[in-house]
Amino acid sequence: MKNWYMLTVVGADRAGIVARLTRELFDAGAYLGEASMLRLGGNFTIMLMVCGTWSADGLRERLSAVAGEWGLRVHVDAIEGGLHQHVLPDVRVHVHGADRVGIVAEVTEVLARLDVNILSLDSDVGGVHAAPFYVMQIEGVATAGVGAVEAALEPLRARGIDVRVETIETLVG
Amino acid sequence: MAVLEILLWPDERLRRPSLAVEAFDAEFQAFVADLEETRRAGPAAVGIAAPQVGRHQQVVIVDCSQTRRPVPNHGWLVLVNPQILSWEGHAMGREGCLSVPDYTGNVLRAERITLRAHDPDGQMHEYDMEGFEARAVQHELDHLDGRVFLDRVVSRHTDVFRRKQYT
């Protein structure tokens, strides 16, 4: 029986990790689903859906050699569901401001109170060491409507956080 | 009228360019009616192009009058032998396609266009379009050239890009 797993791999970044990892998975008879690779703070990170006949322990074992060779930490979780589970976002929130603790919590707590289902969140820190700034983009489903999200986030502006809310109108043609 | 079969990517017929419409006859009118019925049968499509149902003629339908938030639009339009005369600006927006189910991505399009097209009776019109409607027309016209939005996807998730500075 085939099972889906969420495979998370983290390690020091270097060229060739994805190729080595996916070759190993291919040789193990894996079928790959959705994947997201990001370089976060100089670290290589990837999460990918992997389908195969092995157990979670079997998949870990199968990847242990490549993990040791490339200095990667591997985490495997059995997951429910599979492909074709997409949900379309209808709201996008852009946030930027001077970097300080608590921005993500402040913004996402407001969204949570409105039952906004966050589908993706990307954030980054730029600027210079002495004056870093924070940038975040969130896409989600605004159950209460985009106007409600806009109104609820408005007070954050008074606290020096620049917030922009946009409707995402997906064109189907 | 009939709901026609939508070709699904990667059907190679979606790669074929379309030819100009020359006969605005009853058979053509009947096809346009079928194309519209097919658009309405799909999942909330604002447009459809003839090659998506395997007919390689330069005809598309767009209707941006029913969006979640109202956008500038010319209502229901059948555009025959459409030609974009001018482009201006650029904007990123999320697109999907009846022929590319279960996938959406961000695509860069011109923000404003001037378009010339025949109507289904063969009369020529010019339209100034902007925003979502301009995007819909560019998406559909791509089909007439054998392109799908996957050919233009910039990013699936984010729309961050350096804004061009005009000085």
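Glycine is no exception: its Cβ is also placed from the backbone N, Cα and C atoms.
Sequence annotations record features per position, and here TrEMBL assigns active site to B:Glu140. According to TrEMBL, the feature Fe cation binding site maps to B:Cys97, B:His139, B:His143.
The residue listed as 'active site' and B:Cys97 (Fe cation binding site) are 10 Å apart (CA-CA, integer value). Spatially close to B:His143 (Fe cation binding site) yet at least six residues away along the chain are B:Leu14, B:Ser18, B:Ala49, B:Ala50, B:Pro51, B:Gln52, B:Val60, B:Ser99, judged by Cβ distances under 8 angstroms. Within 10 Å of the C-beta of B:Glu140 (active site) we count 25 further C-beta atoms, all protein chains included. Around the Cβ of B:His139 (Fe cation binding site), the number of neighbouring Cβ atoms within 10 Å comes to 27. All protein chains included, B:Cys97 (Fe cation binding site) registers 29 other Cβ atoms within 10 Å of its own Cβ.
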